[in-house]
Every structure is written in structure tokens, then in C-alpha cells.
Amino acid sequence: MQASLSLPPAAPRSDPGPAVFRRSAFRFCGLRREALGLRSLRPAGSTRIFRSPARTPSRKTVTAVSGNGIGSLSKGFDYDLVIIGAGVGGHGAALHAVEKGLKTAIIEGDIVGGTCVNRGCVPSKALLAVSGRMRELQNEHHLNALGLQVSSPGYDRQGVADHANNLASKIRNNLTNSLKALGVDILTGVGTIADTQKVTYGKVGFPDTEITARDIIIATGSVPFVPTGIEVDGKTVFTSDHALKLEWVPEWIAIVGSGYIGLEFSDVYTALGSEVTFVEALDQLMPGFDPEIGKLAQRVLINPRKIDYHTGVFAKKITPAKDGKPVLIELIDAKTKEPKYTLEVDAALIATGRAPFTKGLGLENINVVTQRGFVPVNERMQVIDASGNLIPHLYCIGDANGKMMLAHAASAQGISVVEQIGGTDNVLNHLSIPAACFTHPEISMVGMTEPQAREKAQQEGFEVSVAKTSFKANTKALAENEGEGLAKLIYRPDTGEILGVHILGMHAADLIHEASNAIALGTRVQDIKFAVHAHPTLSEVLDELFKSAEVNTGVSPPSVNEPVTV
């Protein structure tokens, strides 16, 4: 999933030795699925899904009743369901399990909420809320166009940090209270799988407690990935976990990696006054985004800001600042491995992705071998052992299985698993799960990028069409003086199947869900184009997008004088 946009790397010096870039010599460039009970009834790769009748379960289905475990039909087990990990995925699975009447326990070795609540989605959005407002207050031209005058804006760093920390604490307490209120047992300690239906847990230095469960879900999440050669001190060289504490705002910071995490932090740091340098191993910034959206994002989110970049290079070695010396970043060519530059900056944020947190789970006890740390699973999240066999009663959801490393994907997988445990054959359509980057403006997407869709079309022998609309034609966006943006639809003109939708613009993260639900429910372009949207709203961006698509199904659209059922 890589964009094909190619951007020129920062020009090296003409002398043969590696260049050293110092602040005084630095130049800036261009100063996701579904309603419950849905499964696929189409061939692999299809995105259409239908409601599935409940299959005849291989064991008795637990009757949903009030209270945790009252009326449970599991005999000889301590719990119907034990979940290892209390992040968003584990929390969502636990709530749904209680709704189904399952006696449920959740094991957490750290704190409830996992990465998303404590070190990811939640605190980062608090920082991005601040950066968005700072950006608005700093944009004098934009304010003047609205007739507004604002004196020089400023911020209190500790106050901003406290906002993020307080929000994380509030959400964490809400999750904990919701579990307790429903009767979910929260077991503190490190969970280890002793057998297919047996788990031990306990704190380090204390004896473990053994419990049994009819079914077990692994939901241990992930941790920041730090490549070899990078020394993290948590102060001048740090990961997103450290950055979210906002202990200081560096004057010049290098961000290694230009994906979701790096892009969002570039938005935060530049709004708070930092200068940013991206270090990207691939030949273009923002890999993974649709190329056309990535090109526009560079024009809107990179070029006008105090951001420079080096592409096609690896950070071979990063040394934290010490003894009055700056952070040193040794860059080598990603292909030839030859030395290229040395950067001297105030700080470095390592945003090179995340790695599954699966060590110490006891997977060797059940003959499971991880793949690059990920637990192998099938489309129903059932764990697969080293011989390729399904392990009964054992599932893995979220970042630990690597299918889609998004908090809401983990939650959806957990709900899907609980449905299966209850006797409903539920298969999650990952192509319908949306993703978003909360920059200003936002970026969102669901389904395939254009290159992915065209590759699939070539393999399967069908045509691909693309439709686009601009935010500049939307009344609400113009009223906000936020006309910069694009919505893009990728679809099959012969059937009207929606293959992907990508949006860059104001509130793109909210707008994407109409497209996500359309893919999840198998809604075709020729049907959704007759849906009614309130005027004037940003939703009309998608309304115009679907209306602009041309579908050749051989079915004429209804006359304007005929009633239309939506």
C-alpha cells in the first residue's frame, strides 16, 4: 500500500564526504465495518456483505441476560470468556460479551485503555485540537477574510500537556467504570496462555493465578517500533509515547517516518513553533496514501509550513543530545546504503510504525509461532498453529494480529469474535473499515487506493473509473473559508461497486463514514446517489461525488417525476 508520488530528496553537497546540516545552513522547501451479523457471501476480494442467518452452533448458545454470567451454560470453566489486554479491542469485546450473557474477565498488566487511550489516539487528538486552534489564530489572512482581528496568539506548554493527560485519564476512568458496572472482572497482571482453555496471570515477583475459560481472546496490542541503530533516551530522541507528554517543544525536530503518526506530529509541532525535518525511507512522503491525495497533502500540509524532508534515506544511527552536543542523525541511501548526510537537530521523534506486543504470551505452549511478532489468524480471527491448524477456542484481535492496526478495527474484530462464540458466523470486511489522519485539514480513506484498485482490475478483468469533487464547490466549506480539499471515488462502472473513497479536507474524518457504511452494506453508486443530504452541509461533498459517477449497468435512473425510494 504505497503511493507512487515521487518527491526529490534534499540536495546533497557537492563535496564527496557526508554533509552535515546545521540549523544556520538549513533551507526550507517551498516556504472501517459493519452492523452486527453481516458476512460476505461473495467471492474473495468482494466487498458486498449480507445479513447472515445464525448457523447451528457446535455448542449451546448462551442466552443474553442481564448481569455478567447469569444463566451461562458453560460447565467446568471459571469464565465463558477471558480477554488478555484491556485496550479498545479488549474493551469492545468485553462489553459485547456481557451483552451476550457471557461471564467475562479481562486481564491487564498495565492500565485499562491500552495504547489508544493512554499513549495514542486520545492524547494525540487533544494535542491536535490545540494545534488546530493555534493554526486558526495564527492565520491572519484567513481571519481577516472572515472580518476577525486577533492579537498575537500564544500557548502554555504545561497547560496543553495537562489537557492531553486529563483527557486520557477521563476516558480511561470511563472505560474502567463501564467494565466494572457491567460486572466484568478486571484481573491485574501479565496474562500467559498455559493451554488452549487455560490462562495464568500475576504480577512480577508474585505467584501466578490460574483460571480456565471456554474461549480466550488475545488483545495485547502493540508498542512503538524502533529500528536498530537508534538510541532512545526519552528526552531528545523519543517515540510517540514520550512525545504525547509534551515535556518540551524543540526548536528543530526531525521526524523519522512520514506516515500517520509522523504527519500528525508535524501538524502539532509546527503549530507550536517548531521547525520539522522528515526522514523517509521510501522515495515519496506519506506512503500508503492514495497518490493523488498524497500529492495534494504535500501541497497543503508540507510545503507552506516550516517543514523540510529527505526521502529515500535510512536513519542508520541516531545519537541523543548530550554534553552540549545536538542530536546526531546519520543518514544513508536506502538502496545503496552509502552515507549521505548527517543532521544535527534539537530532537528526533521516531515514528517508524508499531510492533505487535506478543512476547511472553506463552504461545509456545500451544505450538504457535509468530510471524514478525504477529499472531497468525484466519479471517475469523482464529489463531493458527505452526502446523497450519486452527486452535479451538483461541482468537487474536487488533494490532497483535497485524491485519489492520487501528483501534476501531480491533474493537470490530472483538465484536465479530464474540458473535462467533455466540453461534453466529460473522466475518469482518476489512475493506469497509475507514482510517483517518487528523491533520488540519484532515485526511480519510476507506477501501483501496487507485493503484490497488487498478492492479485488482487487471488481475480480475474489469474496468475502474474515478470520480472527484472539490470542497471549493461546497457552500458550507466556503462559508468557513475552508475550500481547500478533494474527495475521490474509485468504483466499477459496470456494476457500481465502490472500491475506495479518499478525502482531504475539512472534517474528512467524519465524512468518510458514509462511504464506509456503503461498502459494508454492499450499497452501489447507482443507489447511494439518490440519498438526500442536508443543505448546506459538508456531507454534500460526497453527495456530489456519488452523483458525478457514471455507471453503465443498463438500468435507467428513475424519472425526476417518479417517486424514488432510498
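Counting begins at 1 with the first residue displayed.
Including glycine, each Cβ sits where the backbone N, Cα and C put it.
Marked as domain 'FAD/NAD(P)-binding' by TrEMBL: 79-414. For the domain 'FAD/NAD(P)-binding' (79-414), the model gives a mean pLDDT of 95.
Around the Cβ of C116 (disulfide bond), a 10 Å sphere holds 26 further Cβ atoms from the protein chains shown. Taken from TrEMBL, the feature disulfide bond covers C116-C121.
TrEMBL lists K125, G191, T220, G221, S222, D399, M405, L406, A407, H408 with the feature FAD binding site.
Cβ neighbours of E280 (NAD(+) binding site) (same chain, under 8 Å, six or more residues apart in sequence): G257, S258, P287, Y309, H310, T311, G312, V313. The NAD(+) binding site annotation in TrEMBL covers G257, S258, G259, Y260, I261, G262, L263, E264, E280, G353.
DSSP places the residues of the domain 'Pyridine nucleotide-disulphide oxidoreductase dimerisation' (433-544) in helix, strand and coil in these numbers: 42 helix, 29 strand, 41 coil. Annotation source TrEMBL lists domain 'Pyridine nucleotide-disulphide oxidoreductase dimerisation' at 433-544.
According to TrEMBL, the active site, proton acceptor annotation covers H535.
For the pair A407 (FAD binding site) and L263 (NAD(+) binding site), the C-alpha distance works out to 18 angstrom. Within 10 Å of the Cβ of T220 (FAD binding site) there are 30 other Cβ atoms, across all protein chains. Taking the Cα atom of each, L263 (NAD(+) binding site) and K125 (FAD binding site) are about 13 angstrom apart. Put simply, C116 is the one of the recorded positions C116, G259, I261, H535 whose Cα lies nearest to the Cα of S222 (FAD binding site). Note: the Cα of C116 (disulfide bond) and the Cα of H535 (active site, proton acceptor) are spaced 35 Å from each other. Cβ neighbour density within 10 Å is lowest for H535 among the recorded positions K125, H535.
On a Cα basis, T220 (FAD binding site) lies 16 Å away from C121 (disulfide bond). Considering only the recorded positions K125, T220, M405, H535, G259 (NAD(+) binding site) has M405 as its nearest partner by CA-CA distance.
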